[in-house]
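What TrEMBL annotates here:
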| type | residues | note |
| --- | --- | --- |
| COMPBIAS | 131-150 | compositional bias 'Low complexity' |
| DOMAIN | 26-124 | domain 'Phytocyanin' |
| REGION | 125-150 | region 'Disordered' |
| SIGNAL | 1-25 | signal peptide |
| TRANSMEM | 154-172 | transmembrane segment |
């Protein structure tokens, strides 16, 4: 009987650990309260932030804009029409699945030249909630648009509740 309690306890601990780790991923609202629009300095917005694989970028914008993932050269020259991915829904969430630099522009002619461009350096490893400057060297990447129900996450509160339930089950068995 004691060995089954220990086994159940270990299984519950493993479950809680698996639930708590995904909650470390962070969602970054691009441009904060300004959102994805002209007149925002996105280079300043990214400074001081450390983006990790597993984090997400949340773009909020009116229907007069788009979020286009582009190559480094299209980003530098503000070339529209060659997007790797594009969305114009007004609420786009991009899961950062690979390390390297990800490039985004607004595909409306002239908007990129007016500052609607974002380069995000993503570090490998587990996501973290700290906002230290990134020192990772960029590498080639591919980003895909996340489905509307962004990546699986569990809140820290849910992890704590699950831990208490697991502890309770261990005590009663």
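The count begins at 1 with the first shown residue.
The backbone N, Cα and C atoms fix where each Cβ goes, glycine too.
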Looking only at the domain 'Phytocyanin' (26-124), what is the model's average confidence as pLDDT?
95
In the domain 'Phytocyanin' (26-124), how many residues does DSSP call helix, how many strand, and how many coil?
14 helix, 35 strand, 50 coil
